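Quick notes on the structure that follows.
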Amino acid sequence: MNNNFSSMIDRYKHQQLQIGSVSPQQISAWATKILPNGEIVGEVKKPYTFLYKTNKPEKEGLFCERIFGPIKSGICACGNYRVIGDEKEEQKFCEQCGVEFVDSRIRRYRMGCIKLACPVTHVWYLKRLPSYIANILDKPLKELEGLVYCDFSFARPITNKPTFLRLRGLLKYEIQSWKSSIPLFFTTQGFDTFRNREISTGAGAIREQLADLDLRILLENSLLEWKDLGEEENTGNEWEDRKAGRRKGFLVRRMELVKHFIRTNIEPKWMVLCLLPVLPPELRPIIQIDGGKLMSSDINELYRRVIYRNNTLTDLLTTSRSTPGELVMCQEKLVQEAVDTLLDNGIRGQPMRDGHNKVYKSFSDIIEGKEGRFRETLLGKRVDYSGRSVIVVGPSLSLHQCGLPREIAIELFQPFVIRDLIKQHLASNIGVAKSKIREKEPIIWEILQDVMQGHPVLLNRAPTLHRLGIQAFQPVLVEGRVICLHPLVCKGFNADFDGDQMAVHVPLSLEAQAEARLLMFSHMNLLSPAIGDPISVPTQDMLIGLYVLTSEKHRGICTNRYTNCNIRTLQTKSSDYSNSKYKNPYNNGPFFCNSYDAIGAYRQKRINLESPLWLRWRLDRRVITSRETPIEVHYESRGTYFEIYGHFLIVRSLKKKILFIYLRTTVGHISLYREIEEAIQGFSRAWSSDT
């Protein structure tokens, strides 16, 4: 619709859409078409839609059949009919009305254009934050707005000869007669000549400044200024330092914008429109409802508003030679506001409303949001080989795996299962294979497992706001009717397990499967594409689980003063400490020789997850060389003694040799330590195998 749309379509293989600025020549190429008789059509000149009496599109109007194609396939405006695609038919268009004999579906993608009487800035580039026009020109946004909406003008002598304003500025004294002569130029027939020579205002002034920019020189100057600011030391003045910091941030954004323009071969002056594209009629329809009433898209009314004001401005500039200059500038402002409303209604303040006080839906309103063209119409469509279900946590899954319910998996991979059934001579034809699938024979699940083994699936959670909204996983069959998801990938999807739903898609072609494996697998997207920080980090449920796992009740020895873990627990029938597994005459002070015994006791429900316990530990140099003073020392009759510290205990012999070390811990800490240890060992093995 605007000069931001550029569609590149490969009719044989791919379809893709690119959004960016395009040149007026490209807009003209989209809209204009040369008829077989040599006539050029494509410009929409009239603000009318249909003739009231005949219900036929107005010629050169918003629904003109000469510009956009016939309403009915093969039928022109006169009512003549030709067979589409018939090579025997010599005449491809009607000589009387100038309508081509083509398929009516052409009205869905053939565009038109409006030739604007004055340049108009694109409101997305001017008013959206950050303002690209203000950034690249390095001027305040309010100053540019005042210039665009004709609130003021600036002198711009475009020749080396002395002009009226330049000569006036060179003189040291004021000539009173000049003051009275200036307004005369705005009411005479020579106003256009005077304005074009002496002053500049409106979007044309912005376009001239953008056209004069040399992007590479601008990039070099911005880089030099940024380096100079970086070399300056702090002045000690907080306000000045903040000002310099803001300037550096602005220069970085400006350089990124200039690099984008250079990389994509976009000229900055294209941000100012001279031609306004007109959407195909099928995308802004007029529908007749019961009772003969017509329902029209709001876009049509906004287009009519633009054409009315543009035609008025054209008449003022061409036919009325004695038009006051102030009236011309006022009309240019109205054209600018009409285009702003068409592109983004309400961006400048109060939105435009119809007779029923309803806000008009502009182009931005149509494409943005949850109910916009992209998210609802394009991304929200139901497609083949896809399913949808609620997500739940899958703690036993690997990072690259997802749990797929049997009911969904058999439907998604049914063609592949049928192919393997016939290939293995387990079914004679497709009908027999489908019958086996409906009966859910055991062989079906075995074949399904083999099919899924090397076939990734794509999981998507709406809204898809960035690249990590769609990721690839290796499917694993699970029971139930919900999709199981590893909790570490939730942040990329912005998902949680409170009822969120996700869609699953099966990539069919080899290219799609290769793309999923090489670029989209979850274990290959561990960093945020925006800022580079880790995105696969524990969140929500995992943080709560880690908190519960590592919570403790009176873990320190000083807290319970040995009442829950009497040191004499170590004195058992045998003095062989290495064979003692579970020796606890008290309720809360068990001693364990290894972590397996502690976890086994927890599984037998003999101890709790957060209950303190003593775990025999290997001789740790950090413990041996610790300078911590023992809280108490217990001596035994056999000569051994026990040094009791805050979180560990040392058993020494008569010769002060360390026999055993016991750590004060919980089952939760033991489990977390074992998981971390196994992960590090697995990483070390993978690293050694690669090297």
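Keep in mind that glycine also has a Cβ here, set from the backbone N, Cα and C atoms.
Quick look at what Swiss-Prot lists:
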- Cys76, Cys78, Cys94, Cys97: Zn(2+) binding site (BINDING)
- Asp496, Asp498, Asp500: Mg(2+) binding site (BINDING)
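Overlay of Swiss-Prot annotations on the structure.
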{"residue": "Cys76", "record": "Zn(2+) binding site", "DSSP class": "coil"}
{"residue": "Cys94", "record": "Zn(2+) binding site", "DSSP class": "coil"}
{"residue": "Asp496", "record": "Mg(2+) binding site", "DSSP class": "coil"}
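Excluding Asp496, Asp498, Asp500, which define the Mg(2+) site, the same chain contributes Ile391, Ala495, Phe497, Gly499 within 8 Å (Cβ to the Cβ centroid), listed in sequence order.
Taking the C-alpha atom of Asp496 (Mg(2+) binding site) as reference, the shortest distance to any of the binding-site residues Cys76, Cys78, Cys94 belongs to Cys76. Here the Cα atom of Cys97 (Zn(2+) binding site) is found 56 Å from that of Asp500 (Mg(2+) binding site). Asp498 (Mg(2+) binding site) is 61 Å away from Cys78 (Zn(2+) binding site) when you measure Cα to Cα. Listed in sequence order, the residues Ala77, Gly79, Asn80, Phe93, Glu95, Gln96, Gly98, Val99 complete the 8 Å Cβ shell around the Zn(2+) site centroid, once Cys76, Cys78, Cys94, Cys97 themselves are left out. Between the CA atoms of Cys76 (Zn(2+) binding site) and Asp498 (Mg(2+) binding site) there is a gap of 57 Å, rounded to the nearest whole number.
Asp500 (Mg(2+) binding site) sits 57 Å from Cys94 (Zn(2+) binding site), taking the Cα positions as reference. Listed in sequence order, the residues of the same chain lying 6 or more apart from Cys94 (Zn(2+) binding site) and placing their CB within less than 8 Å of its CB are Cys76, Ala77, Cys78, Asn80, Glu100, Phe101. Minimal Cβ crowding within 10 Å, among the binding-site residues Asp496, Asp498, Asp500, is found at Asp498. The sparsest Cβ neighbourhood within 10 Å, among the listed binding-site residues (Cys76, Cys78, Cys97), is found at Cys78.
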